[in-house]
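First comes the structure, then the notes that go with it.
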């Protein structure tokens, strides 16, 4: 039994272009006195392209690129100009990566600088220049290091309005201004998204994963989406909502890649090649989000990319490096210097510490599973109730609650990047944070060594404030992620406080020495929580290493990341991005999931036994009017072409969009093409009476080698074919006779049905 075959049934000889399965022969002929018309000697604009919410044909796109490359290579031997064109074509990919990295890094720097300024604007303003944030405003101040945040150039709103910053009324005024600014920022963000670019909301990574798998969503990576996403991302982060800019930065970078693809014909006219660029752009987005070029490439490979050849790996790394250095050049003094939160730990970790690292992984996995289930339940409720009809009101309510709860606690009031930076770092001699407030002073300190000191009241105050911050962040993030504003997952973090005199530490802890590194536990806890939500493993570990510079702590990070994934997978197999893909009904075929059900192709194909017969087009007996009637009465993306309705022997497959464009163009530009003209998909059409109108030859738009399987082919093999080849449809035959068709949507519906899920949740075809 042959399960997979590429069969072309043709009663007359055919000519195939080498390696593609598409005919490039456009010869003419005569039927009596009738003229044989084949107007597709030159490609028509739009032929071979795809409609919105359709899946691309990966095999067709890659075949076209091979033909294009072969033609350029052959012509390069003819002249110097052709050779230069060949060299420029080969170099265009690297040039495009350079442009993507430069644009993504520039926009990330603009977002970073603007977000820091607008976040501080909620608390006050700089008299030396309103465009300075709090930190930059105090750079030239003569205040001491411990009072570096209290420079006279920076005025809180109570100091600016009332003339003083002390007292209950000043506190209430600052509180009021903080909430008002937050509401203004979030209102402007949601109105811009709703009015100009609805695709700019959310994280963007679920949609990018779907697009990279071959799905078409027009406008999702367009220029308006890029402009509005960039502006509203700054507003959303500045409003203080419990979200981050990491995921949206991947969307911004992919928009840059998609727009720049239009500068190069090689990528503009080939959807598969464009997705190679988008994979590299996703790596650049992660690079500017975390300062992690290598981790960005691994993230693109592990988490979002569907097709990732070796050359894309190197180009992705190049784009990520360019983006990271561009960001550093634009914002050298921000939190994005090569690494986002650089920490330097001097103490080695002990083998026994793997136990708390694994416990952190268990906590991260439980948190991840809880967050995903709660967030998906809330998003589903939002879509099915009246709440979804009022996105502006929802954003304002969540912003108001977040701001009211955040202001009294300094660890929720500060930006996420500041909080993580403070938690990741160990206490130093010059640290003025509550987390570093100890009973003893530094009079006995020599060099950089810290004396053995007991925790002061500031440490315990910080501990309960952080506990409240954890509870607030856990619950408010569930309602924030998925709103109609740009929203990414921030990095959850933890604080560790060590007790060196405990009996468990006596085995390796010397008197007066720092036995453990508290900042390390914060870093591992952050990785565990993020891994439990996203199910990332290797890429997450590398991102955390590049994020902090802690190379020697890869083993603890890997232990926590793997544990969090295993625990979360035991509760639910989907990460947050896959869960949102299924929630939105995107046609994404997960390559990691195994299909083990014993069903056959005939169980999935359409039409079923009770359905009408399969809609087909005959190769040389149907008129223009007949084909137009089929196209207007159906919504299929393509039609099988057979020898005749009686034989049902397969000739090829033609796309609906190509048919419409070709017929419309023939009616406008070719004489003699009327409704009664016969459409011929072969080289030699049957003779017609002399009075017959001209024949319209459309062989050049016909796929002569559509993928076919027999009706007895196990669905396990069919699913594997769709995954590895990126098919959009597959024809089912029995002894060479066409029986039905299986589309990607049919496969997804069948998988959902086998998993006891609603098959109608797959919304797009």
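These residue numbers are counts, starting from 1, taken along the chain as shown.
Every residue gets a Cβ built from N, Cα and C, even glycine.
Automatic prediction, not curation, is the source of TrEMBL annotations.
Among the features that TrEMBL reports, transmembrane segment is placed at 91-111 (among others).
The transmembrane segment annotation in TrEMBL covers 168-190 (among others).
Here the transmembrane segment (224-243) has long-range neighbours at 107, 110-111, 114-115, 118-119, 121-122, 178, 181-183, 185-186, 188-190, 192-193, 196-197, 199-200, 204, 249, 251-252, 255-256, 259, 398-399, 402-403, 406, 413, 415, 472-473, 476-477, 480-481, 485-490, meaning same-chain residues at least 6 beyond its ends whose C-beta is under 8 angstroms from one of its own. Per TrEMBL, transmembrane segment is recorded for 224-243 (among others).
Marked as transmembrane segment by TrEMBL: 249-265 (among others). Nonlocal intrachain contacts for the transmembrane segment (249-265), taken as residues 6+ away from its ends with a CB within less than 8 angstroms of a stretch CB, comprise 92, 96, 99-100, 103-104, 107-108, 111, 203-205, 207-208, 211, 221-223, 225-226, 229-230, 233, 274, 277-278, 280-282, 284-286, 288-289, 304, 323, 486, 488.
Annotated transmembrane segment per TrEMBL: 277-301 (among others), in sequence order.
Marked as transmembrane segment by TrEMBL: 351-370 (among others).
Residues annotated as transmembrane segment in TrEMBL: 390-407 (among others). With a cut-off of 8 Å between Cβ atoms, the residues of this chain six or more beyond the transmembrane segment (390-407) that come close are 174-175, 178-179, 182-183, 186-187, 189-191, 194, 239-242, 382, 413, 472, 476, 479-480, 483-485.
Within its own chain, the transmembrane segment (462-483) has Cβ neighbours under 8 Å at 190, 201-203, 241-243, 367, 371, 374-375, 378-379, 382, 391, 394-395, 398, 401-402, 405-406, 409-412, 419, 433-435, 437, 489-490, 492, 495, 497, 576, 580, counting only residues six or more beyond its boundaries. As annotated by TrEMBL, transmembrane segment applies to 462-483 (among others).
Marked as domain 'CBS' by TrEMBL: 605-669 (among others).
Residues belonging to the domain 'CBS' (701-760) score a mean pLDDT of 89 in the model. The domain 'CBS' annotation in TrEMBL covers 701-760 (among others).
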Stretch among 168-190, 277-301, 351-370 sharing the most Cβ pairs under 8 Å with the transmembrane segment (91-111): 277-301
How do the residues of the domain 'CBS' (605-669) split into helix, strand and coil according to DSSP? 24 helix, 16 strand, 25 coil
Report the DSSP secondary-structure composition of the domain 'CBS' (701-760) as helix, strand and coil residue counts. 25 helix, 18 strand, 17 coil
